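Quick look at what TrEMBL annotates:
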type     : residues : note
DOMAIN   : 63-186   : domain 'Type II secretion system protein GspF'
DOMAIN   : 266-386  : domain 'Type II secretion system protein GspF'
TRANSMEM : 159-185  : transmembrane segment
TRANSMEM : 205-236  : transmembrane segment
TRANSMEM : 257-277  : transmembrane segment
TRANSMEM : 363-385  : transmembrane segment
Amino acid sequence: MAEFRVRYLDAARQPAEKRVQAADVGGVAAALGLSPAALLAVEPVQAAALKSRGGRSFPRRQFAQQLGVLLRAGIPLLEALQTLQSQDNPPAVATALDGVIARIQLGESFSAALASQPQAFDALFVAVVEASERSGQVEQALFEQASYLAWVEQLRGKLVAAAIYPAMLVTAGTAVVLFLLVFVVPRFAGLLDGVGGELPMASKALIAVGSFSGAHPLGLLLIAAVLVALPVLAWQHGLREALQSRLWKLPLIGPKLHLLALAQLYRCLAMLLLAGVPVVPALVNARGVAAAHLRAALDRATEAVRLGERLSACLQREGLATPVSLRMLRVGEHSGELGAMLAQAAGFYDEELSRLSDLVTRLINPALMLIMGLVIGTVVVLMYLPIFQLADQVQ
């Protein structure tokens, strides 16, 4: 028996979540006493832990791209997987490939074999492959998956690149301030004590901090470590969701972050639909990549589509579509190319967000330099202020 985390529709047709024991995924609905159609998402409880340990170490994009090329060249699936297995792979990759090949040799489907390795392949990857098996377009689905993962990696790379320079500025500025407090201010304190006279209140406070820092450098490091550790721990225990919910409500930043979340959702839905996944299962699987603040609205939209409403109308009602994307979705519904229209809408958002990212980067870097200059300048001025005051008294 295994434990599964299940999201389902209760008797009132409202999304609910529960953990159940079942022999396999197929037995989850029976364990809950529900119809399989009422299940929104099923995930093994251990999958999240496995993903955190090994998911990112498995190169899913490279795997999908290489396997797609081999399949398109006419190589059978098992032989293509064995070709990838013969490469010089890291242990995590070799273990996952060994498990997939062993399952296929036992007669299981490709998607079932992938599902047996949750540390390497998430539910989204498995759903795309499972749908493509029914349509006979596994290689095309793998290319779609590779394209989506490349977009995710590119987005993550842009965010990291945009954060590197500000992080370097903050680190350098903090190091300069600590150097002044630990080494320079205590020496100024000794000099000023010998001179005598009344010091300004701000200078007294600075000298007190500097004297403590110079006498107890380990204590200062401990305080700094605590100040760094507290936000990290809070981030892991709900601060991330709370911060995201506040950021999305900010006047200028919130709407742009909402567009970024919609772009990710649309691109994921486009990949699933182009791979042959029906609309309702596509919405269910896309929930895993949707931003936290969109999930409740996405659940309501999923249930409405399940009851027969159009996707465009449901997304519009739940605030998951802009006027531009709404028109594109309606065109896609009438032409039967909903996946392609979702991909175009996501591309439209990408261009707008790219321009915004460049603008924000150009604004933040000078602003941080100005702030760090003001902080360092304030420390220096407070150190020299008593000397200036003493010079005035002498004159």
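A Cβ is built for glycine as well, from the same backbone N, Cα and C atoms used for every other residue.
Whatever TrEMBL says is automated annotation, not expert-curated.
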(request) Mark yes when the transmembrane segment (257-277) and the transmembrane segment (205-236) have three or more Cβ pairs under 8 Å (sequence separation 6 or more) and no when they do not. (result) no
(request) Run through the domain 'Type II secretion system protein GspF' (63-186) and tell me, per DSSP, how many residues are helix, strand and coil. (result) 102 helix, 0 strand, 22 coil
(message) With helix taken as DSSP H, G or I, strand as E or B and everything else coil, how many residues of the domain 'Type II secretion system protein GspF' (266-386) land in each class?
(response) 101 helix, 0 strand, 20 coil
(request) Using a Cβ cut-off of under 8 Å, list the residues of the same chain at least 6 residues beyond the transmembrane segment (159-185) that approach it. (result) 206-207, 209-211, 213-214, 217, 220, 224, 357, 360-361, 364-365, 368-369, 372, 375-376, 379-380, 383
